[in-house]
Amino acid sequence: MGRYRMEDFEVDVSEDLGPLLFVKLRKTHLLLKDAWFCNHITVWVFQQSMEEKEVVFPCYRWVQGDGIICLPEATAWMMRNEVQGLFQKHGEEELEERRTLYRWATWKEGLPLSVAAASEKDLPLDVRFHEGKKIDFEGTLAAGMMDIALKRLYTLLSSWNSLEDFDQIFWGSKSALAKRVRQSWKEDDFFGYQFLNGVNPTLLRRSTSLPTRLVIPPELEGLQAQLERKLQEGCLFEADFSLLDGIQANVIQGERQHLAAPLVMLKMEPDGKLLPMAIQLQPPCSGSPDPPLFLPSDPSLTWLLAKAWVRNSDFQLHELQAHLLKTHLVAEVFAVATMRCLPGMHPIFKLLIPHLRYTLEINTRARTKLISDGGIFDQVVNTGGGGHLDVLRKATACLTYRSLCPPDDLADRGLLGIPSALYAHDALRLWDIISRYVQGTVHLYYSEDEVVQSDPEVQAWCQEITEIGLCGAQERGFPVSFQSRAELCHFVTMCIFTCTAQHSGINQGQLDWYAWVPNAPCTMRKPPPTTKDVTLEMVMATLPNVHQACLQMTIAWHLGRFQPDMVPLGHHKEEYFSGPGYKAVLKRFQEDLNTLEREIVARNEGLDLPYYYLQPSRIENSITI
């Protein structure tokens, strides 16, 4: 058998094997690294009625060394209390071994726990990238570094003189939407649209009162009246970046960078457009003059710079809070707790494991390359140099269970029923589809609430996530136990949605919205303006320099591009379950996804700006990038 080849093996056994409960698998170890990946073992048993019976033993693990892998039959969990405790003993031994392989670690105080691994090489082979994924990941990263060098050589610029100078690096891999961003980024409705359907649709909320931090000067009483009227009409919205207040800005190559903590007030027009009404770049500070309020009526460069500061702040909260924390780090907690608490025969393990593929490795690589000391954040982002960790700590302290569940989160933010809120619409549809899939599967194995209550493994899994992995998150609504099938289904739906749809909605847009750097600057090199006297020289001196802009474009391409080995949601090849019941549930899941796919494609055909980040065929089945 050749390296990286796939083959099926058939073995005929003439003797009667009796009831089949386990299969033991062992490979003769040679001198070379010759691990084999086993998908599953299927045994066809000829019964007295001359009918064939299929008995499946799922594996989906690497067989290496001289160890023996013991595989329980696919329906073992249903018989765990019936066969002399053999399955229960096997599960206990399996978890005992896994707990030595998958250990918790504190990467940084105040953040969710991570897997104990100094680098990806420390991870168990079963959760590592397969060879093709590794080659693609490392190869495209190297190609990206070459792209930076070529762009620097091509531009021959040491600094920017005009916004059009950014065109000199706006070539290479970019999407149709990225080109549209280049054309429309200065427009107010385009600026507002991004809060609804851009790369970070998680911050906007409908105003229920005027924010206390909003200071309106006496001479702007007309604006005060407008805001209050829009508030009464229910069409006043806000985006508050106060999480960035007090964060120490980065120092890059000896130069201090700068941060803001903006508040944006927006109004929803009858046609669905979301337009900015006012921008306050900093909260008021006792003993200091009130911060200026920037308006659409200001000089064009003044207003453009104010919006650029908002987009820079959105870049920070998108990457750190919405992306890193609320998808990657939370999913890692799910993954480690699953490996430590749920044996392979457990139905919740089987349900979740396809949605945890590659997550531990991509997160470990992020901790060593992206957010590490001297990593990408330190090199080009104004929250780098330690500020990014403080943002993550503040975001973790306010992470709630409701914020990870779209029906609750969108209701809390007042975003239900808005026709132009495409992320909100698609997220709710996907939540319902995933929920039906989870409920259908869970009900196959849990006949009533009491079965959930008496399952020590699933209860331990829940407790490990909330109390250990999320460091005592029960005070923020996360459960420590499940009292009903409904509670279990809701939690598992949240896990799968986070690892699939939510990550897709947050990750895919990086290539579209960040490739044109002025639309989402990764850093700001001058302080926020305190007056409305803004010149082009001030704008250009504030935006990222040539090297920073090149690196932003390259990383946006690397993280936001389509993955060659991408597995679409609901179409994983692994077959952990056996029997017609689950196959019917999975088929319904795939049909529901196909229906939504057709609806989104049809809707997008009539839109000026199509929204496709939650199109099922584009949603990865796990967090792999």
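Indices start at 1 and increase along the chain as displayed.
Note: Cβ is positioned from N, Cα and C throughout, glycine not excepted.
Features reported for this protein in TrEMBL:
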type	residues	note
BINDING	Asp34, Ala35	Ca(2+) binding site
BINDING	His323, His328, His503, Ile625	Fe cation binding site
DOMAIN	1-77	domain 'PLAT'
DOMAIN	77-625	domain 'Lipoxygenase'
SITE	Trp62	site 'Essential for stabilizing binding to COTL1'
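Checking Cα-Cα distances from His323 (Fe cation binding site) against the recorded positions (Asp34, Ala35, Trp62) with a 10 Å cut-off leaves nothing; none qualify.
Restricting the average to the domain 'PLAT' (1-77) gives a pLDDT of 78. For Trp62 (site 'Essential for stabilizing binding to COTL1'), the binding-site residues whose C-alpha atoms fall inside a 10 Å radius of its own C-alpha are Ala35, out of Ala35, His328, Ile625.
Taking the Cβ of His323 (Fe cation binding site) as centre and 10 Å as the limit, one finds 21 other Cβ atoms among all the protein chains shown. In terms of C-alpha distance, the listed binding-site residues His328, His503, Ile625 place Ile625 closest to Ala35 (Ca(2+) binding site). Listed in chain order, the residues near the Fe cation site other than His323, His328, His503, Ile625 are Leu324, Thr327, Ala331, Ile362, Ile506, Asn507, Leu559, Ile623, each with its Cβ within 8 Å of the site Cβ centroid.
Scoring each of the binding-site residues (Ala35, Ile625) by how many neighbouring Cβ atoms lie within 10 Å, the top position goes to Ile625. Taking only the Cα positions, the spacing between His503 (Fe cation binding site) and Asp34 (Ca(2+) binding site) is 34 angstrom.
Between His328 (Fe cation binding site) and Asp34 (Ca(2+) binding site), the C-alpha separation comes to 32 Å. Annotation for Asp34 (Ca(2+) binding site): spatial neighbours Lys27, criterion Cβ-Cβ under 8 Å with sequence separation of six or more.
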